[in-house]
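Enquirer: Found this in TrEMBL, in case it helps:
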DOMAIN    A:6-133  domain 'CMP/dCMP-type deaminase'
BINDING   A:H57, A:C87, A:C90  Zn(2+) binding site
ACT_SITE  A:E59  active site, proton donor
2 protein chains.
Amino acid sequence: MNYTQEEKEAFMREALREAERALKNDEIPIGCVIVKDGKIIGRGHNAREELERAVMHAEIMAIEAANAHENSWRLLDTTLFVTIEPCVMCSGAIGLARIPQVVYGAKNQKFGAAGSLYDILTDERLNHRVAVETGILEEECAKIMQDFFRNRRKKK
Amino acid sequence: MNYTQEEKEAFMREALREAERALKNDEIPIGCVIVKDGKIIGRGHNAREELERAVMHAEIMAIEAANAHENSWRLLDTTLFVTIEPCVMCSGAIGLARIPQVVYGAKNQKFGAAGSLYDILTDERLNHRVAVETGILEEECAKIMQDFFRNRRKKK
């Protein structure tokens with residue numbers, strides 16, 4: 001779907017609200033929403049520590065919710081909004097769920113797999129390619145992460 | 001842990017039993033077990049179609065089970081046995097779960113991310129590296145896959 005800049009920012013703000021839920025639990029603050037026909041069909045935030053589940057990144061939680069909502073593993077015609085560039089696991093999961101479009105806020109130079117370390121989403125050898133857009137509410141998405149890590153270093 | 005060849009084959013046979021459970025549901029037959037101190041603490045098989053969950057590969061199901069068993073997202077001191085080379089998503093998940101050792105049966109030239117398309121598990125830029133061994137019960141692990149795809153082509 002082609003969303004306007006204003007719509008994209010509104011969905012990214014919802015992803016940021018999810019990131020804040022992670023922050024409240026003292027988790028790395030990343031949030032995600034999956035949108036179909038202009039409606040959110042799955043939401044997620046990083047909950048690894050809270051749930052003691054290694055795979056429970058924001059994107060995985062949102063994909064699981066959207067799969068349940070659609071009663072289908074295929075998330076055709078959806079757009080995934082996530083505050084930070086997806087890691088290797090989540091980039092693989094986005095392809096496996098057949099999500100055609102990803103919008104992320106800020107890059108993750110250290111672990112990102114949608115352009116930084118790897119470019120999984122556009123790899124022509126894999127059987128699903130994803131349109132990727134970045135930079136939506138970039139500063140806010142980066143800032144909540146920077147603040148989190150700064151506070152964590154202070155506590156130590 | 002250092003397991004003997006005989007022990008490795010016994011654990012891979014358990015992974016093959018899981019693959020057969022997937023096969024019974026007409027799913028791509030891949031199975032996985034996670035072992036700690038010689039005991040299986042998590043089992044999984046591909047259940048994408050059965051559960052309508054895009055991320056429900058054998059390795060993810062086994063990691064989720066092992067996380068629940070240990071009540072921890074960290075699967076330190078474990079070995080993951082899987083019949084087929086892990087994909088991008090599962091290789092990412094193995095690293096995120098801090099699994100130190102992976103043994104897989106047969107390569108996946110098309111989608112494998114532990115040596116074939118990518119080499120995620122030994123990437124020095126990521127903050128967790130995994131010792132990888134392959135070739136345990138390779139023929140049996142490959143054969144159950146080949147038979148499945150041959151039958152599927154026949155049905156079409």
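The backbone N, Cα and C atoms fix where each Cβ goes, and this holds for glycine too.
Remember, TrEMBL labels are computer predictions, not curated facts.
Where in this structure would I find these features, and how exposed are they?
Expert: Taking a C-beta cut-off of under 8 angstroms and a sequence separation of 6 or more, A:H57 (Zn(2+) binding site) has the following same-chain neighbours: A:I30, A:G44, A:N46, A:R48, A:C87, A:M89, A:C90.
With a 10 A radius on its CB, A:E59 (active site, proton donor) counts 30 other CB atoms from all the protein chains. A:E59 (active site, proton donor) carries a helical DSSP state (H, G or I).
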Enquirer: Hey, what's the Cβ neighbour count for A:C87 (Zn(2+) binding site) at 10 Å?
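Expert: Within a 10 Å radius of the Cβ of A:C87 (Zn(2+) binding site) lie 27 other Cβ atoms.
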Enquirer: Looking only at DSSP and grouping its letters into three states, which state does A:C87 (Zn(2+) binding site) belong to?
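Expert: A:C87 (Zn(2+) binding site) sits in coil per DSSP, no helix or strand.
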Enquirer: If you run through the domain 'CMP/dCMP-type deaminase' (A:6-133) with DSSP, how many residues end up as helix, strand and coil?
Expert: 48 helix, 31 strand, 49 coil
